[in-house]
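Novice: From TrEMBL, here are the annotated features:
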BINDING   Thr17, Val62, Leu84, Tyr99, Ser103  S-adenosyl-L-methionine binding site
DOMAIN    1-34  domain 'RNase L inhibitor RLI-like possible metal-binding'
DOMAIN    36-159  domain '16S/18S rRNA aminocarboxypropyltransferase Tsr3 C-terminal'
Amino acid sequence: MKVYIIDYHKDDPKKCTGKKLVKLHFAELTRQGKGIILDPYSIRTLSILDKDIAKKAGITIVDTSWNETSEIEFRNIKGEHRRLPILFAGNPTNYGIAYKLSSIEALIAALYIINEVEESLKIANLIKWGHTFLELNKELLESYRNKSESEIIKIEKEIIEKILREP
Ligand SMILES: C[S@@+](CC[C@H](N)C(=O)[O-])C[C@H]1O[C@@H](n2cnc3c(N)ncnc32)[C@H](O)[C@@H]1O
């Protein structure tokens, strides 16, 4: 799978997981979006139905800062924008926070959801807390894997309702 990074250079370069993917030759830098754009503000949800586009044109991650980002940064990027369904960050900065994934976690999740599990695990091995992320989201990722967009939205709704019911 081709992976692209649009790097807005907003985070500490030492901690930046988008840069790490590029450095380790698992991604290429780009200025334009290609294929599936991982966009947390998108109204469309990533699913197995996006696998063909991802295979043909790749997956683009937008490496920016969660503290400074907004919808505007994503709006003009060409491509098929998709958000990820609820998942919890496993990285030390945003540990346990829903939806706020690092670039590398977003890639691990996207590959898993489109049923590229082996590649997802390979990416998870690149970072210390890759397996923390997988462990934390094991059941969620498995429930989203290989499912259509409408199925994923239904599963996500049930999960959110369950969380809200918990004391
Ligand atoms: C906001 S940046 C933060 C990057 C940080 N510098 C790092 O080193 O990981 C994370 C990127 O991963 C993707 N991403 C993270 N969480 C996502 C979600 N819930 N839905 C879609 N894409 C997501 C997006 O491309 C997003 O811009």
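Each Cβ is built from the backbone N, Cα and C atoms, and glycine gets one as well.
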Novice: Give residue numbers and ranges for long-range contacts of the domain 'RNase L inhibitor RLI-like possible metal-binding' (1-34): same chain, 6 or more residues beyond its ends, CB-CB under 8 A.
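Specialist: For the domain 'RNase L inhibitor RLI-like possible metal-binding' (1-34), the nonlocal Cβ contacts are 54-55, 57-65, 68-69, 73, 77-79, 91, 93, 102-105, 107, 111, 116, 119, 123, 126-127.
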Novice: Limited to the domain 'RNase L inhibitor RLI-like possible metal-binding' (1-34), I'd like the whole-number average of pLDDT.
Specialist: 94
Novice: For the domain '16S/18S rRNA aminocarboxypropyltransferase Tsr3 C-terminal' (36-159), what are the DSSP-based totals of helix, strand and coil residues?
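Specialist: Within the domain '16S/18S rRNA aminocarboxypropyltransferase Tsr3 C-terminal' (36-159) the tally stands at 58 helix, 15 strand, 51 coil.
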Novice: Considering all pairs of residues in Thr17, Val62, Leu84, Tyr99, Ser103, annotated in the record as contacting S-adenosyl-L-methionine, what is the maximal C-alpha distance expressed in whole angstrom?
Specialist: 18
Novice: Give me the long-range Cβ neighbours of Tyr99 (S-adenosyl-L-methionine binding site): same chain, 6+ apart, Cβ under 8 Å, in sequence order.
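Specialist: The answer is Pro40, Arg83, Leu84, Ile86, Leu87.
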Novice: For Ser103 (S-adenosyl-L-methionine binding site), what residues in its own chain, 6 or more apart in sequence, show a Cβ-Cβ distance under 8 Å?
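Specialist: When sequence neighbours closer than 6 are ignored, Ser103 (S-adenosyl-L-methionine binding site) has Ile5, Cys16, Thr17, Gly18, Leu21, Ile61, Asp63 within Cβ distance under 8 Å.
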Novice: Residue counts in helix (H, G, I), strand (E, B) and coil for the domain 'RNase L inhibitor RLI-like possible metal-binding' (1-34), per DSSP?
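Specialist: Per-class counts: 7 helix, 7 strand, 20 coil.
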